Amino acid sequence: MAGLCLTVLFVIVTTSYSLEVSDKETNLPSIESRFPYSLSMLTVNPCCYYPCQHKGVCVRFEMDKYLCDCTRTGYYGTNCTIPEWWTKFREFLRPSPAFYHYILTRFKWFWDIINSTFIRDVIVRLVLTVRSNLIPSPPTYNSAYGYISWEAYSNVSYFTRVLPPVPDDCPTPMGTKGKMELPDASLLVETFLKREKFIPDPQGTNLLFAFFAQHFTHQFFKTYGRMGRGFIKGFGHGVDLSHIYGDSLERQHMLRLFTDGKLKYQIINGDIYPPTVVEAPVFMIYPDNVPKEKQFAVGQEVFGLLPGLMMYATLWLREHNRVCDILKKEHPTWDDEQLFQTTRLILIGETIKIVIEDYVQHLSGYYLKLKFDPELLFGVQFQYRNRIAVEFNQLYHWHPLIPEKFQILEDEYSHSRFLYNTSILLDYGVEALVESFTKQIAGKIGGGKNHHPGLLKVAAGVIEESRKLRLQPFNEYRKRFGLKAYKSFKDLTGEEIMSAQLEELYGDIDALEFYLGLLLEKSNPNSIFGESMVEIGAPFSLKGLMGNPICSPEYWKPSTFGGETGFNIVKTATIQKLVCLNVKQCPFVAFHVPDDVLPKLKKSDEL
Ligand SMILES: *[C@@H]1O[C@H](CO)[C@@H](O)[C@H](O)[C@H]1NC(C)=O
Ligand SMILES: *[C@@H]1O[C@H](CO)[C@@H](O)[C@H](O)[C@H]1NC(C)=O
Ligand SMILES: *[C@@H]1O[C@H](CO)[C@@H](O)[C@H](O)[C@H]1NC(C)=O
Ligand SMILES: *[C@@H]1O[C@H](CO)[C@@H](O)[C@H](O)[C@H]1NC(C)=O
């Protein structure tokens with residue numbers, strides 16, 4: 001048996017390395033003479049050219065040689081560029097992302113028919129598997145390890161990453177292309193990202209969506225400042241609801257009531273709100289002038305920042321305690337711990353359901369009705385694990401969503417009056433906030449020039465982080481996710497002015513940085529952002545959602561959720577129900593502005 005295994009292994013190893021170690025081309029003396037590296041003794045690390053295509057792995061040999069490992073890429077040759085015959089066939093049949101985006105966002109009548117047939121399941125399964133397969137699982141690199149290693153695999157304090165860092169000894173910051181120094185980050189955000197006039201999202205995304213995005217993603221995007229960029233705080237790496245329950249057992253225990261599985265709460269004007277830090281002594285970030293009696297205590301320490309985040313924290317707190325009551329009625333023998341733990345799993349399920357069927361559904365603009373049904377993946381190969389990637393964190397900085405002012409009922413709030421204002425939630429209540437945030441349109445994310453001036457430093461921080469972590473160029477990520485590299489800045493932005501400025505600052509489209517590329521790419525027609533944000537973001541997102549253990553065959557059954565009642569709460573969750581089961585009067589709830597607001601906006605834009 002062992003002998004057979006070894007033979008098989010040997011065959012695999014020898015066949016996959018049937019590629020010559022190629023001498024590096026000699027037609028590149030300019031960089032070496034311009035920039036002699038004493039360390040590498042006048043030779044450029046050949047992996048700095050990103051020679052390996054189609055997910056091939058570059059390994060350096062001797063000083064100036066490299067080898068592309070093309071194993072299971074479907075390609076062969078020095079740089080993994082020659083397709084095997086079936087790859088040719090598959091590539092021939094594969095529609096371009098632009099093509100299927102076009103189909104999925106048009107022909108509503110067609111998708112209405114598909115919706116009620118089994119074909120819907122087939123397509124949703126295809127979307128889930130094709131997207132998830134782009135994410136390496138188990139995870140591969142991190143910011144300290146540009147090669148497969150046990151440390152990178154096992155040390156979950158790191159964000160993972162899909163592409164290894166730019167090698168340290170490359171001649172330019174982005175590899176071999178572009179200038180010796182990258183443009184100043186604050187100049188970049190001033191030039192390309194600063195808002196001149198608020199640009200509303202053509203898809204009608206509202207602030208209820210914007211705050212949901214921020215609230216939801218802050219359970220897994222928690223950069224651990226103290227350990228440096230590239231490290232994550234908390235070990236959930238996905239939808240663990242640590243933003244509700246805290247990212248440590250200690251914090252969780254502070255927030256729990258230890259009766260009937262419930263979380264601590266306070267009642268104000270007859271409504272349930274999170275406790276204060278006096279009652280639940282956990283660390284929360286608030287300015288010094290906010291007294292402890294006014295500081296809310298919730299799972300995520302940053303949620304005091306915006307009333308919209310605390311509004312969601314309140315809704316989920318109410319939902320948790322509501323579900324506890326339901327479970328307690330069916331299971332009078334269960335102790336506090338079991339009620340708490342089972343409720344947490346139900347809320348994880350509700351979250352994933354809402355994110356796929358309400359949130360991603362809205363964002364995609366697809367007429368295909370998405371479906372959260374883990375059973376769709378039971379027949380295919382799928383790993384129920386997830387590791388949050390640096391690239392996903394970078395990509396998810398969607399601050400252009402934030403408007404100039406916040407409109408709550410008849411009142412207008414500037415950023416400075418809104419931030420850290422603890423009385424807004426209590427004075428207006430959850431209903432009024434939901435209603436107001438649903439009606440107010442959010443900003444368009446893609447296309448540039450839509451950051452509120454106060455948020456430019458956040459964007460500059462993203463760019464600076466990507467430099468510290470040595471993220472590869474935007475075009476390398478395009479290729480990694482099955483897209484064509486852009487040939488010029490004009491090709492990227494689809495216009496003249498910004499592309500000329502970019503050309504001057506970067507010198508080469510292949511040296512453009514990841515985040516700026518995502519934000520400045522021309523948008524899809526009538527869409528919130530461009531192709532790359534969708535094609536790179538969706539795989540991370542869907543893998544993170546479906547890779548949750550509750551979606552695995554072992555967990556996805558009624559008993560996990562305390563029986564059919566709990567299972568049904570998961571299977572029927574919507575954003576509408578999350579709000580309306582937890583407030584007294586049900587407002588209009590959606591992730592887009594009401595239809596009568598959108599046409600008005602479009603008209604006023606045309607005028
Ligand atoms: C492989 O890639 C390198 C670096 O991009 C390039 O110089 C070389 O010509 C390529 N070789 C082949 C055989 O395509
Ligand atoms: C799609 O089909 C499901 C049942 O298969 C139904 O509940 C839902 O209302 C349909 N949606 C649309 C938009 O037709
Ligand atoms: C993970 O790596 C960091 C940096 O090397 C180190 O400080 C930390 O102790 C490691 N964590 C574990 C659990 O080994
Ligand atoms: C905070 O919000 C309240 C309304 O709830 C408002 O009256 C007050 O002016 C705001 N505080 C600041 C500092 O702007």
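Each Cβ is built from the backbone N, Cα and C atoms, and glycine gets one as well.
Database features (TrEMBL):
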type	residues	note
ACT_SITE	HIS218	active site, proton acceptor
ACT_SITE	TYR396	active site, for cyclooxygenase activity
BINDING	ARG131	substrate binding site
BINDING	HIS399	heme b binding site
DOMAIN	43-81	domain 'EGF-like'
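Recorded features from TrEMBL, shown on the structure.
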| residue | record | Cβ within 10 Å |
| --- | --- | --- |
| ARG131 | substrate binding site | 19 |
| HIS218 | active site, proton acceptor | 18 |
| TYR396 | active site, for cyclooxygenase activity | 17 |
| HIS399 | heme b binding site | 20 |
Which value does the mean pLDDT take for the domain 'EGF-like' (43-81) in this predicted structure? 96
Could you round the CA separation between the residue listed as 'substrate binding site' and the residue listed as 'active site, proton acceptor' to a whole angstrom and send it over? 23
Rounded to the nearest Å, what's the C-alpha distance separating the residue listed as 'heme b binding site' and HIS218 (active site, proton acceptor)? Just drop the number here, would you? 14
Rounded to an integer, what is the Cα-Cα distance in Å between HIS218 (active site, proton acceptor) and the residue listed as 'active site, for cyclooxygenase activity'? 11
State the three-class DSSP label for ARG131 (substrate binding site), counting H, G and I as helix, E and B as strand, and everything else as coil. helix
Kindly report the helix/strand/coil residue split of the domain 'EGF-like' (43-81) according to DSSP, in that order. 4 helix, 12 strand, 23 coil
Coarse DSSP state, helix versus strand versus coil, of TYR396 (active site, for cyclooxygenase activity): coil
